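S.K.: Swiss-Prot lists these features:
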REGION    1-196  region 'Disordered'
MOTIF     230-259  motif 'Q motif'
DOMAIN    262-443  domain 'Helicase ATP-binding'
BINDING   SER275, GLN276, THR277, GLY278, SER279, GLY280, LYS281, THR282  ATP binding site
DOMAIN    480-659  domain 'Helicase C-terminal'
REGION    762-784  region 'Disordered'
REGION    804-851  region 'Disordered'
MOD_RES   ARG828  omega-N-methylarginine
COMPBIAS  841-851  compositional bias 'Basic and acidic residues'
Amino acid sequence: MAPDLASQRHSESFPSVNSRPNVILPGREGRREGLPPGGGTRGSLVPTRPVPPSPAPLGTSPYSWSRSGPGRGGGAGSSRVPRGVPGPAVCAPGSLLHHASPTQTMAAADGSLFDNPRTFSRRPPAQASRQAKATKRKYQASSEAPPAKRRNETSFLPAKKTSVKETQRTFKGNAQKMFSPKKHSVSTSDRNQEERQCIKTSSLFKNNPDIPELHRPVVKQVQEKVFTSAAFHELGLHPHLISTINTVLKMSSMTSVQKQSIPVLLEGRDALVRSQTGSGKTLAYCIPVVQSLQAMESKIQRSDGPYALVLVPTRELALQSFDTVQKLLKPFTWIVPGVLMGGEKRKSEKARLRKGINILISTPGRLVDHIKSTKNIHFSRLRWLVFDEADRILDLGFEKDITVILNAVNAECQKRQNVLLSATLTEGVTRLADISLHDPVSISVLDKSHDQLNPKDKAVQEVCPPPAGDKLDSFAIPESLKQHVTVVPSKLRLVCLAAFILQKCKFEEDQKMVVFFSSCELVEFHYSLFLQTLLSSSGAPASGQLPSASMRLKFLRLHGGMEQEERTAVFQEFSHSRRGVLLCTDVAARGLDLPQVTWIVQYNAPSSPAEYIHRIGRTARIGCHGSSLLILAPSEAEYVNSLASHKINVSEIKMEDILCVLTRDDCFKGKRWGAQKSHAVGPQEIRERATVLQTVFEDYVHSSERRVSWAKKALQSFIQAYATYPRELKHIFHVRSLHLGHVAKSFGLRDAPRNLSALTRKKRKAHVKRPDLHKKTQSKHSLAEILRSEYSSGMEADIAKVKKQNAPGEPGGRPLQHSLQPTPCFGRGKTLKWRKTQKGVQRDSKTSQKV
């Protein structure tokens, strides 16, 4: 056999991997130049136009081929050409056998495709050529071969130096794996493993500090007996007043503080009253005031001015005290009560003072304002001066205002009766008592000796100064109040608070909760966050809202930065509602009687044990049951011992017990728990559901730049408030003990922000000593001269141009005034100027009338 013929057969029997067989479409015979159309030599293209075959059986193609050989793709009518040595070709009935060259084999095997009208329809030449190229690529590669280009898997290992031989061996091994077909079976366990890796819980539950065990000493709390068996008719009050107390206020028996205070005050003695929160101190001074004023021989006239002055620290407490006095005065219509507080119109308050107010209830700041600016206010007939929540008045920095008020009262009225009331006795209250009270009687329900005190006795019990600070002081707590504490890492504070709110207010009936924060910015941030994520205003949840939102959730906010009308509306709405969550600052921590409050949550720890007592005192009032929860960080766990030193006993609630409520809501399910029931849960599912809730918060915060900036400002406010703890608590609450990245997580931020001080820094204008001189000496063309350098003429197109402001009245300019009308005034430059003319106004009015 000739060598050239042997090589031809060898190439035909063993095509190389890189050989590309030519696919020739019907009617496009490939001929070399100079060859006859019917024949050819080696290397020439054989025409593939078929001879009309003999009639074939129905359902068979004239080009049906059956090929046996290794690999998938062999079979009747197969259009795939396996790599390797092709098997012998078998001719089907009614078909024509050509030369077994790769080109002819491919052309014959494509007959089934050509007969399909869907595959090959009449197309433009360009589209047909693209289809032919696609067919080439389809038949060229094996069905099992992976794509030629693959992404290299990202490796997190350090680079390793390899030799040339190792590189070649690696390439050969990869090539064998690439070209060897391998069948992959996907099992259910692999799918679960992939879904399990989709949920990431490391950001919340990793790198957290260890939660310490609380070694709280068991202390015996100071208890007060709230109610007594004594009735109001035993005090010798007016019958109409007793009837009003029984019917309107629905009270028949007195509390302990009322039983001891009312007789002393009816005798005309000054008193310092100290009692626990919710014990009825407001009625303890309101009843004697009303009884003494209605019993005066000369009937009180409205124009007489104030006979009683009551000072309260907050506006909400002023409204509450005014409402109580107004109810007691229903039988005595000639006595007129009134209230003065910030946020109201001064003009209307001056009009009421001009008409006359007999019982005046006011905040210190607004009263000082009227003393300095209103001539119609006078205290010549004043008989009563009451300081309600005296410790809070001093805490808010009203010492100077109290001094101004006392000087104004002492200048017009020397003889009066003074009363101080507070739940805690501090050093500031003692100083105020020394200044304002005259031979006072100390009334404390904690002291058992007060029962033996006879009000008719002329002996006066002097006020004993309390210990320095609150270190050795003890506080009375209602017996029906249960106190709890939980230690939560900083990253989980937000999720833990949301889970606790859902647990109490969504899955339980008629729950009313008050959550205390340390600043107004924190209240606003959490209010908007919970309102948009936990609560759905409509039936279908909006974007970013959880579908599990229930109508039982009702969020309200109250802080000092709100308008007075809104504060009053929120206070009234929360007082009359059966359920809801009130997010507030310490503005609601003193004296407010919020009925049916079941839970008090302190998201930020109070600055003193006295503040802690006033916060939890919003629940369990007048014998009702209530509970409180204090949320602490692991570094703040020692605060429990500080509370125990003041005889405050708290019990611990585990963080896992709070987060497990998320398993009761199906909207917090992760991917791997989609088919499982909620009752069979474990710690991993609780973590994943907490991560889902945290993701909802973070998505809401990062949905816009404004919300991210808002969260950063709230974080800055938290840090500033954290730095204001007193020196006695600095070893527990110190800024250096905070992890800013973890704390930022509790505000929905994914990273710890930088330059927090730049967020609230106000831009200050540069101070120029002589601005007029600067304007005169400034050249008009100074900017153009600066732009021109020694290498440029200043005429290039890329030089920045000064943006001219549009003239008034033009699009983009400021609105045109009525007195400014365009009047043509051509000077040297022949430019249109603006001139004030009365004629222009008249012409404009005439034109508008014509239109």
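Positions of Cβ are set from backbone N, Cα and C atoms, glycine also.
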S.K.: Please work out the helix, strand and coil residue numbers for the motif 'Q motif' (230-259) from the DSSP assignment.
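M.R.: Looking at the motif 'Q motif' (230-259) with DSSP, the answer is 17 helix, 5 strand, 8 coil.
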S.K.: How about long-range neighbours of the motif 'Q motif' (230-259): same chain, 6 or more residues beyond its ends, C-beta under 8 Å?
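M.R.: Long-range Cβ neighbours of the motif 'Q motif' (230-259): 224, 266, 273, 275, 279-281, 283-284, 287, 290-291, 294-295, 327-328, 330-332, 443, 445, 622.
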S.K.: Indicate the candidate from THR277, THR282 with the smallest number of other Cβ atoms within 10 Å of its Cβ, considering only these binding-site residues.
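M.R.: Among the binding-site residues THR277, THR282, the sparsest Cβ neighbourhood within 10 Å belongs to THR282.
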S.K.: Relative to the Cβ position of GLY280 (ATP binding site), how many further Cβ atoms are located within 10 Å?
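M.R.: Step by step: centre on the Cβ of GLY280 (ATP binding site), count other Cβ atoms within 10 Å, giving 22.
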S.K.: Within 8 Å of the Cβ centroid of the ATP site residues SER275, GLN276, THR277, GLY278, SER279, GLY280, LYS281, THR282, which other residues of the same chain have their Cβ?
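M.R.: Filtered neighbour residues, in order: THR255, VAL257, ALA284, ALA423, GLY617, ARG621.
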S.K.: What kind of secondary structure is SER275 (ATP binding site) part of, going by DSSP in three states?
M.R.: coil
